[in-house]
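What follows is one structure encoded as structure tokens, with my remarks underneath.
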């Protein structure tokens, strides 16, 4: 009897996963059509920001209830708890309390979903939207803290742009967290950008920034997102076709559990692993590109005009596919993958953590993703790969810049190394559990871990000065600055100039 019940459960799990994924896609397509209606019939010139906030929030809750049922109440609970903290605690420490409560509540929900309900069911679940809401809550808390407690000159240029100068109302807060455009798949965005979209001032501000002109006349009408939406929907269709066609042929689990593949030569296993991950990534491309298209269809995501006057709709784009597939460094891959999450990690952790910001950022990323052990395997490995890649770049790259041939050879080698490192690193992220992750690493003899440790130990890398030292160097008066200080400053400027030239060369 127990055996028959277990078989029924195992038979129902794929069915439930399929239903959840179909519900997700149907809701996103409904959101796409609603976004077009929202832009045309609830344009800021035709209705008030209050109405736009109300409609965006109610539609978001409707989609959440359709996909997740009463589990969607967790979105309200998480938002309500943190809004109460923002209102009733002082702004000096509010951002820390919101960070702990939002991340803690997300982690509690992830633990109950994984270890109480359906371990291993990596499908559309209610903690997915909560991950994006957590990003928005914590980002807004830090932006309010910067805007209400710090002077303008004490903020970085990016922080000055993001700083929020007044406490949002409850409706604005819920609309920002739970609007229909991003409730299911994000991406996160800054509060100021969202409010500018709702109030209809985003186009005016971008016109002033980019000075977009056409035939000598300033553009007066709002730019149309139709072209970009169509291109992104075409990209979605292609990515979905590639994923459904090829990933079933070469799933990553086969290289771990299939004795035939585990007995193959090392080179063939690496090649299969690369093809498997290459066919898996289009699933993420589909989800994030469709979410970007939904925002653009609603009129959100305009980032200005290009040099030839073409409107650009990449303000909240979450990935750059070509840059990912052609990345020649681990950092370049990460900078173009899940872009908005990377910006969130940078703004709330990397730029604010006084000690070991790289390790702290990877640890926060693992905690935010969930409680599956595979996430921690991936991000701990990512720390060592990042440090090793940085050491190799600082010590080796300059020797290959003498000619275009050497530069091409270097780019090919670093591209292959980056793709192998990415595939090796993210296998636990895909298989989730401890056993398969360790079996995979044992089958590879932990080669990348050992290589990274050897590179970090063998290759010298200049230590970055801590934030406290930077502040101490900036604090002395002009009369107290010694010639040694000026020589150090000139050396830092030279290093920064070389770094900028390297970035420009890589981008070209």
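Backbone N, Cα and C atoms are what each Cβ position is placed from, and that goes for glycine too.
Per TrEMBL, the feature transmembrane segment maps to 20-42 (among others).
For 54-74 (among others), the entry in TrEMBL reads transmembrane segment.
What TrEMBL lists as transmembrane segment is 94-116 (among others).
According to TrEMBL, the transmembrane segment annotation covers 229-249 (among others).
TrEMBL lists 285-305 (among others) with the feature transmembrane segment.
Residues or ranges marked as transmembrane segment by TrEMBL: 374-392 (among others).
Remote same-chain partners of the transmembrane segment (412-434), defined as residues 6 or more beyond its termini with a Cβ less than 8 Å from a stretch Cβ, comprise 120, 122, 252-253, 256, 270, 273-274, 276-277, 280, 326-330, 332-333, 369, 372-375, 377-378, 381-382, 385, 389, 440, 444, 448. If you look up TrEMBL, you'll see 412-434 (among others) marked as transmembrane segment.
The annotation transmembrane segment is assigned in TrEMBL to 440-461 (among others).
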Using a threshold of three or more Cβ pairs below 8 Å, and leaving out pairs closer than 6 in sequence, do the transmembrane segment (94-116) and the transmembrane segment (285-305) count as in contact?
no
Which residues of the same chain, at least 6 past either end of the transmembrane segment (20-42), have a Cβ under 8 Å from a Cβ in it?
51-52, 55-56, 59, 63, 66-67, 123-125, 180-181, 184-185, 225, 290-291, 293-295, 297-299
Which residues, given as numbers and ranges, are at least 6 beyond the ends of the transmembrane segment (94-116) yet have a Cβ under 8 Å from it?
74, 77-78, 81-82, 85-86, 125-127, 130-131, 133-134, 137-138, 141-142, 144-145, 348, 367-368, 370-372
